[in-house]
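Taken straight from Swiss-Prot:
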- 17-20: region 'RNA-binding' (REGION)
- 82, 106, 110, 129, 160, 179: S-adenosyl-L-methionine binding site (BINDING)
- 159-163: region 'K-loop' (REGION)
- 194-206: region 'RNA-binding' (REGION)
- 245-249: region 'RNA-binding' (REGION)
- 272-278: region 'RNA-binding' (REGION)
- 284-390: region 'VCR 1' (REGION)
- 375-412: region 'Disordered' (REGION)
- 421-470: region 'VCR 2' (REGION)
């Protein structure tokens, strides 16, 4: 299943994927690699490195005005994925157009992160590279796009990450980016050690030199070395970040940062095509805002979806018969208010229109569970009675009443009780086209959303029970 809808919201390819027909008509080199199916659909063979390279070069030219060269024996980046990372860095550092300074660890032959960052946002980059071929291509790509004033490509020794690259620097950088080698050995690179044997093979080709795709210990150990460097550099960079090819690497790396006492940590997901990547970022600055991880965003989105049930037209008509001269929404709302009063759930009306009414609820005690238990107990007791009992004599009744302790009347919830509420929610009662009435319960805040689920079920059942009572 394609993941394009989960791309970063600012990614230009999120809602408008590349138009292969248009690109093929404009760029002859790209046109060589497109294929037309029997149904007339234009496709690209993503297992062909030349086709992937043609697409990358074409998109960079068409959408960013960049001209680059990439050798087939080195890593060929996909533009939507790299763009996701750039946009996330924008979120970390708090701006798209501000002049910022960044470091790209292992920039690759394409030098794609610095080229995109400089072109889109005017960022300054220090781009490091250990491989001779990648270094030469990266320098050439920077020069032919006239970006040498913004991007400095430097050749560094093997296993150099941040410490050696910055030993002669005194500048404070805003961020670093890194696309580390994902694999520890050839078997991993070929997918032999996949944790899921049922996982389908990759839909795209895996190009790249040895230093680009493999490192001792794989990406886990590589990123731990970046963390080790960051512990020495600390505030020389505002944000440290690394991309990850395996989700299973995320938890141990977060644990490592926690052990080292790093408080500002966040992560994200990069979704594109059929590929997912993850990224981790951390900072030693107290004043940097930390973007929410995607899982928290999804929980917030899920929380916004209301619980609903529908009161059908026939049921609404019965309610209206019992409450004359009232609209469908007014009848349903009035019955809901009666039930809520019986349950001792605080509620008040919120101004609304003719076709929609709203109630704001504050639950301070779980009375609906007690109500259900009480009904069950009454039913069980009635079933166990052998015969109808004689009504108590007036004398007995008076005696029992005298023996009962004084029970104070129910008092409304005080301010202290309201401070310790179970949850608050907004109930919307809406009339639909077929004269049905829709009841929505929107979570506002509280201890546990399951409590609102229980109350929703209780309201629905109580409403229908009242309608079903013989008149």
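Placed from the backbone N, Cα and C atoms, the Cβ positions cover glycine too.
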If we take the residues 82, 106, 110, 129, 160, 179 that the record assigns to S-adenosyl-L-methionine, their largest CA-CA distance in Å comes out at 23
Smallest number of other CB atoms within 10 Å: among the binding-site residues 110, 179, that is 179
Using DSSP three-state counts, the residues of the region 'K-loop' (159-163) come to 1 helix, 0 strand, 4 coil
Residue 110 (S-adenosyl-L-methionine binding site), DSSP three-state class -> coil
Secondary structure split (DSSP) over the region 'RNA-binding' (245-249) reads 3 helix, 0 strand, 2 coil
Cβ neighbour count (10 Å, all chains) around residue 82 (S-adenosyl-L-methionine binding site) is 23
